[in-house]
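The structure under discussion appears below in the form of structure tokens.
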Amino acid sequence: MAMAEGERTECAEPPRDEPPAEGTLKRAEELKTQANDYFKAKDYENAIKFYSQAIELNPSNAIYYGNRSLAYLRTECYGYALGDATRAIELDKKYIKGYYRRAASNMALGKFRAALRDYETVVKVKPNDKDAKMKYQECSKIVKQKAFERAIAGDEHRRSVVDSLDIESMTIEDEYSGPKLEDGKVTITFMKDLMQWYKDQKKLHRKCAYQILVQVKEVLCKLSTLVETTLKETEKITVCGDTHGQFYDLLNIFELNGLPSETNPYIFNGDFVDRGSFSVEVILTLFGFKLLYPDHFHLLRGNHETDNMNQIYGFEGEVKAKYTAQMYELFSEVFEWLPLAQCINGKVLIMHGGLFSEDGVTLDDIRKIERNRQPPDSGPMCDLLWSDPQPQNGRSVSKRGVSCQFGPDVTKAFLEENQLDYIIRSHEVKAEGYEVAHGGRCVTVFSAPNYCDQMGNKASYIHLQGSDLRPQFHQFTAVPHPNVKPMAYANTLLQLGMM
């Protein structure tokens, strides 16, 4: 999710030789006050706009950068947030909020050691601040955990959780009245019962969950990194974007558009989990349908099907709360086998993030990506999961701090080289649930309405018909869900108001 295109101004303007006049300073303060009001109203795009105007008038005020950094954090523009926080500290090394903001930005980017250094600075300056101490201690735990994971990775990196499971010996207790696989297989009856069971806020038995995970891993590992699908003229397929643990909105998609079947195929374009607090329900439902219709129900990996994101934004915590740490490890293994892209009739390419940091990438290059891993910090795999379009030509540094932003000329050149018509991607919330950019060559679809219970956005899904492949957009709005807030299982730092 991110702010609208074209709103960004540079983070670090060069200081002026002469200080601004008193009237200019007064106007800058008025703009900051307006920005603060927009921020309180959760209108972060306008908050950023007015903070930026204040900075233009007075580029030496650390508070303006600190405030805009927080607004960027709320819109998931972590790269911009990091730049603003760093600039605030450069302007005023005693501005403690600058260190808080920079730590939050680095946490969001998975740069835990860098975050720890800033939390340490805050604790030294404010040794009696309980909030600062708690954040420092929590971040320190993560750094130590990561160090431990690296230490044991050499011995166990390729050892599968599956090897240590004995599913057959797991007993389903007599008092459990929920859905069970029939002879170890997913059926349509099981799936209907499962969705109702989840709708009633009940938990699937761990044996059934493990059965689904082990079986879906077997299915996914046989797929190509680039899935290629042919639609006949009379056939259609539905493409959905981010669902982010919003299970009741997922049910609404199936209510509006029909359950998956061999005649009603789906593609879900990544970011199934995190943020929403029903991520386990979402992902096991999607995996169940993948087992039921392996050739007609498609799942692509998003940037949130990764360990770093799951550790921060809730999925790891949710699986541990509802099941066990071992089950989360198996989820992580399964996520590594999710394909990265899908091509329809050789003309429409679908991926979660977008296009590439370098020219000349071909479909064959995508096919050759070894996806069974955590994504690197750069390169084609990273770009497919993380990049975003921009309105201006060329490429620029990513607002997220990962991968890049690519312009209409980049999209046009990629499509021409690969004989494609357009791309479909997700990865960003859009007010109307979708966006058509780059002269119709870059389509964004987002399927989590009222994202995180606060954005107020519509959501959408796309129909593609084999006869012409023109995208047909279908919008929908959020439905009620049980009183469990988003991020309920997120990292403690997030719950403490890190962002």
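Start at 1 and count along the chain as shown; that gives each residue its number.
Cβ from N, Cα, C; glycine included.
What you see is a predicted model, and the numbers here were worked out from it, not measured in a lab.
Of the residues His205, His352, His481, Swiss-Prot puts just one in the Mg(2+) 2 site with Asp271, Asn303, His427: His352. Swiss-Prot lists region 'Required for autoinhibition' at one of the ranges 60-64, 495-499, namely 495-499. The range from 1-23, 162-184 that Swiss-Prot describes as region 'Disordered' is residues 1-23. Note: the CA-CA distance between His427 (substrate binding site) and His244 (Mg(2+) 1 binding site) rounds to 10 Å. Cα proximity to His244 (Mg(2+) 1 binding site) (within 10 Å) is found for none of the binding-site residues Asn303, His352, Arg400.
What surrounds the Mg(2+) 2 site, by Cβ distance within 8 Å of the Cβ centroid and not counting Asp271, Asn303, His352, His427, is the set Asp242, Asn269, Gly270, Gly302, His304, Gly353, Leu385, Trp386, Ser426 from the same chain. For Arg275 (substrate binding site), the same-chain residues lying six or more positions away in sequence with a CB closer than 8 A to its CB are His244, Gly245, His304, Tyr313, Gly314, Tyr451, Cys452, Pro486, Met487, Ala490. Cβ proximity to the Mg(2+) 1 site centre (mean Cβ of Asp242, His244, Asp271, cutoff 8 Å) flags the following additional same-chain residues: Gly241, Thr243, Gly245, Gly270, Phe272, Val273, Asp274, Arg275, Gly302, His304, Ser426, Phe446, Ser447, Ala448.
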